Amino acid sequence: MSNRFINILVPVVSIILGLIVGAIVMVFSGYDPIKAYIALWNGIFGSPYAMGETIRQISPYILAGLAVAFAFRTGLFNIGVEGQLIVGWFAAAYIGMAVELPAIIHLPLALLAAAVAGALWGLIPGILKARFGVHEVIVTIMMNYIALHTVNALIKSISGGSYKTEKIHETASLRSEFLSNLTDFSTLHYGILVALAMVIVMWFILEKTKTGFELKSVGFNDQASQYAGMNVKKNIVLSMLISGAFAGLGGAMEALGTFGNIVSRSAFTGIGFDGIAVALLGANTPLGVVFGASLFGSLTYGAGNMPNEAGVPIEIVSIVIALIILFVASGYIIRVVLSKMSKKKEAK
Amino acid sequence: MNLLDFLYFIVPMTIAYAAPLILTAIGGVFSERSGVVNIGLEGLMVMGAFIGILFNLFYADTFGAWTPWLALIVAMIVSALFSIIHAVASITFRADQVVSGVAINMLGIAIALFSVKMIFDKGQTDFIQRSIPLIDIPYLSDIPFLGPLLFEGLYGSSILAIAVAFLAWFIIYKTPFGLRLRSVGEHPMAADTMGINVSKIRYIAVIISGGLAGIGGAIYSQTMTGDFGHATINGQGFMALAALIFGKWHPIGAMGAALFFGFAQALAISAPGIDIDFIQKIPTVYFHILPYVLTILALAGFIGRANAPKANGEPYIKGNR
């Protein structure tokens, strides 16, 4: 079995194992796993409406996944996607609500605001890592909580004490009557196009530019890169900036497309953390992220159908997602088992 | 409200908020000193909080006043078992320890909420009838000033937390096991050469961290919230992680940091009700983000990189140099 084949097989095996363990959990809890998975399937593909909503759900997942994957390629683990997404969400909602401009300027401006907000939130851990060698994992976790509390306070102050902001103007909206009619009046919006465009942007930066080459090089070996004359510190900061911008755009999907405003939250959205799973499953490549996001976006949206149709709590899907991450992370052992199996076959 | 009343009010609250953080952070000290990064503290705490409430609800009639204490023990056992997943993935399967920890966090909250929905058919549990009681310590509480400040209206669990911190210091710095633990975290290959079973020590350390985080979670849910829902623990585990780093991977340091974070939390929650002018003027959001901002500043400023155990986060592979 070739190495490349095993690399593709590891995530596939992980997904299957995750679903199987999820089924075992359901059996032991007295639920019918087959009925549950059929409900999940119907929740994703059952109707044009469900499919529209599923695609809508996939857009922020793609962007969150890209954010994690991009930083990973430079050897950075950005757990702060969640916080960067929240500040992006707020920035987009604020620009969408507070200014009045023609759509051609307003929408790009709102998207840009989200990207800039996310980038700034990523910049802080980037600088701390580059300048002081502080581990980015801890800083980004802390930045998540700072984002959550700060945005809640900002929502309260700009809405005059309320827990949510006013709806954005039509001119900043990503909503599309065409896509909505196509999918039986779902909330599907143009965000998916933005997300796919960013997939191409990430591919282009990494594969076609000198900057991308440097970023990847730092990820492979920062000391060798330094020796070869690259500015490692600059690349670390740049990587976190771009990663944060992707995450911020993910927040814009929610602000300008799905919800049209931002509501004060007591806990995280979870999209940023799922982005880690998406990136891992997609092996940190742009195309892989699209697949990973499609899987997790579908699972999370489809799960909503499980309580009604099969009487299974929605959280079973979170269990399955967590298990898949655990299995992908433990890829070493799956590799060992797979290569042993293939050796046995060859011996025969 | 004068300063004395303020102190009488805020100090006990600080200790109450700090207790779960102390225990969880000490758990983290064990795990990270052995070289296993434990971002999963949050998930382990969630598990402890959930099990604590569950046991308390089901057995309050059977065990009476002992219920919350037995709940702590059961929560400790379940979280310790749960942490074995992290141990297997990150020690035996050589998974990225941070990723495995993230998975533990997601798994912890997902399993807990799944069970809540299954058992109670709603988003949160009922309220417990027997929470951890407040006690006055005899004689000590009669001391003027210090008595009412530190020894009156205290949760028994807070005494436990502080005792565990000193016990952990003794174990880590004064016993053979502690020496092995530290050596495995600093230089596993050297430790292995000296005949120490690296994997075994790391397993024990991760399981200890699970157990302590479980107690921490159960204390939090049985003193602060009284029920369990999706936002019960909300970041306490990460704050414990911050306390551990702020305290330079040292049990007593971690306790100090946890007490400070407890103070920040107590201020944030009670600030609107405190009738002192300058506190009223500060928006509560500053108190909410204070622990996190301070941790970042501490990392950037006066805590160097040299303090983290050297082999922290690296799986030990025999024969690799």
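Yeah, the Cβs are placed from backbone N, Cα and C, and that goes for glycine too.
Taken from TrEMBL as is:
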TRANSMEM  A:7-28  transmembrane segment
TRANSMEM  A:58-79  transmembrane segment
TRANSMEM  A:85-102  transmembrane segment
TRANSMEM  A:109-128  transmembrane segment
TRANSMEM  A:188-206  transmembrane segment
TRANSMEM  A:236-259  transmembrane segment
TRANSMEM  A:271-296  transmembrane segment
TRANSMEM  A:316-338  transmembrane segment
Would you confirm whether the transmembrane segment (A:188-206) and the transmembrane segment (A:316-338) meet the contact rule of 3 or more C-beta pairs below 8 angstroms, pairs 6 or more apart in sequence?
no
Range from A:7-28, A:58-79, A:85-102, A:271-296, A:316-338 with the greatest count of C-beta pairs under 8 A to the transmembrane segment (A:109-128):
A:85-102
Is it the case that the transmembrane segment (A:58-79) and the transmembrane segment (A:316-338) touch, counting contact as three or more CB pairs under 8 Å in which the residues of each pair are 6 or more positions apart?
no
Cβ under 8 Å, sequence separation of at least 6 from the ends of the transmembrane segment (A:236-259): give me the contacting residues as numbers and ranges.
56, 59-64, 66-68, 70-71, 73-74, 76, 78, 80-81, 84-93, 96, 107, 110-111, 114-123, 125-127, 129-130, 136, 168, 172-175, 187, 189-191, 194-195, 198, 202, 205, 211, 215, 218, 269, 271-272, 275
Same-chain Cβ contacts of the transmembrane segment (A:7-28) under 8 Å, 6 or more residues past its ends?
1, 36-37, 280-283, 295, 312, 316-317, 319-321, 323-324, 327-328, 331, 334-335, 338
